[in-house]
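Here the structure is laid out as structure tokens; the discussion comes afterwards.
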Amino acid sequence: MTSVSENMEVQNEDSQMSKCSDSTPVISTTSASEAATSELFTGEMSGEEHTFDWCDEDNDNTMETINKNEPEIEVTDDRPFWANKIEYLLAQMGYSVGLSTIWRFPYLCFHNGGGSFLIIYIIMLFFVGVPLLLLEMAAGQRIHQGSIGVWKVFSPWIGGVGYSSFMVCFIVGLYYSVLITWNLYYLIQSFQSPLPWALCPLLRNSSDFDPECTRTTPTVYFWYRHVLKATDEIEIGGLPVFHLSLSLCVTWFIICISIIKGLKSTGKMLYVSVLLPYIILFCVFTRSLMLQGADFGLKSLLATEVSALYSLEVWRRTGNHLFLSMGSGFGSFTAISSYAPRSNNCIMDAFAVALLNLVTSVTASMFVFAIMGHLATLNNEKCYLKNAETVKNLVTTGVLSSDLRLPESLYQHMSYSYPTWFGNLPAGAKSMVRPYLSNCDLAEQFKEVMKGPGVAIVAFTDIVFSFSGSTFWAIIIFVFLVTMGLSTMLGIMQGIITALQDTFPSSRKHTKLLTVSVCVPMFLGSLIFVKPSGSYYVNMLDDRWASLPLFFILILENMSMAWIYGARRFLADLIITLGHPISPIYRWLWCFVSPFVLLILFSDEITLSYPSWAKVLLVLLIVVTILPIPAYFLYTLLKVSFPASKKNSSATVIFKHEAKVEKPIPRPRLHVGQNQKKMNKNR
């Protein structure tokens, strides 16, 4: 721990006030107070003085005195911990890297500048995503509370942020379980040969194919008409689809079993749900690179549109995807970190999770683009063959000269021979033939297969037919999607269960009952999303609802730490906890960069293409999600205003800004429970 001279004078206090709201001066500390501080944040007592070599002068101004007579906030440590660091990291990584990484990242990358999107994503990830990720991890790890308890400690005035995070977790958990259900149903259907989405179904009592299927593709027909049984409009109701309801029940049963015994069962489940998807992703990615046309898809991924780098709309879309896919603001990072020791290196964890998220996103995009390049190449060859047949028929009927007939030898390698043949035609012949031919440009074919954010589903259902042993590959791919979705769902449920256990401590003695009491109502609530119109609700909530409350939560979390609790003070807590200097750049990112970016994203204009009642439903959901924040603010105001309420309150602490003081200001600090002290002495 850093030793600060007793006679050190406060320097540049006024200038520091203008940089960040926490302008508490650096005051002298004694060895005893240092030992108390060490006990506070690390649970260890030490009478020795240790000196750090600070990286710059700003770090010298970071340390603050924590007086021995300060008011204490009791934070009990009689809570379980992760069995080891591996399980903890698996929980964080599994939650952060979910189906959105596979589902939307490739689509957004293609339609927002390709390589430019990747550059913007990397910039925002490390300058905004990592600091906010570190904030949530460090807060949960330091206070050993879920999202509801953590933000009450930072500032009671915005204690409702934790309740809003809980609401977001609950609603997202309802429809996210349906995404797993869809993939689970595909997995069940994969145990047959031929695969049910390989061919169009025959009409009843006929040898003809269903005409609706022939107008599209077997995979698209199977998705909408068989899996979803989708209606043409969101207004059309109906009972939940039976086979999806059964799959949903199985999904929630797996989720419940995975978390019913607390961290012990969750940690073991994570070895399967997190590690297995990466093994499968590596296998299918390697196999996809061997396909014809994969190189064209990868070139399309890396193609950079310079104009996209200057587009505010592209930056907004990138930021929206970054925070929605990583999972910041849900409270799950805080909940998972609350079961880690206070001395855990959360900075390295934040970078590890961010890097894994980036690597997975890029790898999944390369896989999808390689697959789409292959499908575009196949469609390109089909288009060439169709044009060749058209020319042949026109020559046979005498519309075109026999000199324009394609040689039979060219039919073997259409992707190479057809462009050569057409390029060698005289200009007059080209103008004569062109009106009868389709546009077979490979780039245009690639755009066709990349339409819609569900391109990943198209890739996963179509690509199995390009491999030998399509049934085997279908099973492997949908095991990959189901397990990846489950790992994220476990993180969402951790945010819900932990918040309830912290709010009602007695429920820790009845973990099984609490888990079942949460999973059963959530299963019943999820049934609305497996109705024939359920997919519309999933898309509506995921596209239009989730972003607004999440950005509002993130803004308040960031401002609470940076401008109420104090970014310099929070950084000092981390320095004491980790035992080594930390770059002061995090303070500037928390104080200025993150709030600015979040406000820009929060002000993004959203256009709704839904009926009026659906828009009203979205507004109501947003209001219900955000309502706990002003409600808790009024509750705290009443406690402060009325002495009787204030007298009965045992944990309300209000942080006030002070410019100049001669004594250390009493600050709330965390009290290490007796169980934690005993545990640390036994180490």
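Backbone N, Cα and C define each Cβ position, glycine as well.
Keep in mind that TrEMBL annotations are predicted by a computer and have not been checked by a curator.
Since this is a predicted model, take the numbers as computed values, not measurements.
The following features are taken from TrEMBL:
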REGION    1-33  region 'Disordered'
COMPBIAS  1-27  compositional bias 'Polar residues'
TRANSMEM  88-106  transmembrane segment
BINDING   GLY94, VAL97, SER325, ASN357  Na(+) binding site
TRANSMEM  118-139  transmembrane segment
TRANSMEM  160-188  transmembrane segment
TRANSMEM  241-263  transmembrane segment
TRANSMEM  270-290  transmembrane segment
TRANSMEM  322-340  transmembrane segment
TRANSMEM  352-372  transmembrane segment
TRANSMEM  472-492  transmembrane segment
TRANSMEM  513-530  transmembrane segment
TRANSMEM  545-565  transmembrane segment
TRANSMEM  585-602  transmembrane segment
TRANSMEM  614-638  transmembrane segment
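Counting Cβ pairs under 8 Å that are 6 or more residues apart, the transmembrane segment (352-372) and the transmembrane segment (270-290) reach 3 or more and are in contact. Taking the centroid of the Cβ atoms of GLY94, VAL97, SER325, ASN357 as the Na(+) site, the other same-chain residues with Cβ within 8 Å of it are MET93, TYR95, SER96, GLY98, THR101, MET326, GLY327, VAL353, LEU356, THR360, THR488.
Of the two recorded stretches, the transmembrane segment (160-188) lies close to the transmembrane segment (241-263), with three or more CB pairs under 8 Å once pairs fewer than 6 apart in sequence are set aside. In this chain, the transmembrane segment (614-638) lies close to the transmembrane segment (545-565): three or more C-beta pairs between them fall below 8 angstroms, excluding pairs fewer than 6 positions apart. Residues 87, 90-91, 93-94, 258, 360, 363-364, 366-367, 370-371, 374, 463, 467, 473, 476-477, 479-480, 483-484, 486-487, 490 of the same chain, all 6+ positions outside the transmembrane segment (270-290), place their C-beta atoms under 8 angstroms from a C-beta of that stretch.
Comparing 88-106, 118-139, 513-530, 585-602 for CB pairs under 8 angstroms to the transmembrane segment (241-263), the maximum falls on 513-530.
Long-range contacts of the transmembrane segment (118-139) within the same chain, counting only residues at least 6 positions beyond its ends with a Cβ under 8 Å from a Cβ of the stretch, are 92, 109, 150-151, 154, 304, 308-309, 314-315, 318-319, 321-323, 326, 328, 331, 333-334, 337, 346-347, 349-351, 353-354, 357-358, 361-362, 554, 557-558, 561, 570, 573-574, 577, 586, 589-590, 593-594, 597-598. If one looks beyond the transmembrane segment (585-602) by at least 6 residues along the same chain, the residues whose Cβ comes under 8 Å of a Cβ in the stretch are 19-21, 58, 62, 124, 127-128, 131-132, 134-135, 312, 315-316, 319-320, 323, 547-548, 551-552, 554-555, 558-559, 561-563, 567-568, 570-571. Just so you know, the Cβ of VAL97 (Na(+) binding site) picks up 27 other Cβ atoms within 10 Å once every protein chain is counted. Note on the transmembrane segment (322-340): residues 79-82, 88, 91-92, 95-96, 98, 100-101, 104-105, 121, 124-125, 128-129, 132-133, 136-141, 143-148, 150, 162, 165-166, 168-169, 172, 263, 346, 353-354, 357, 361, 488, 491-492, 494-495, 497-499, 502, 546-547, 550-551, 553-554, 557, 601 of its chain, located 6 or more positions outside it, place their CB under 8 angstroms from a CB of the stretch. Sequence-remote contacts of a segment are chain residues at least 6 beyond its ends whose Cβ falls under 8 Å from one of its Cβ atoms, and for the transmembrane segment (88-106) they are 82, 137, 176, 179-180, 183, 266-267, 270-271, 273-275, 321, 324-327, 332-333, 336-337, 339-340, 344, 349, 352-353, 356-357, 360-361, 364-365, 368-369, 372, 453-457, 481, 484-485, 487-488, 490-492, 494.
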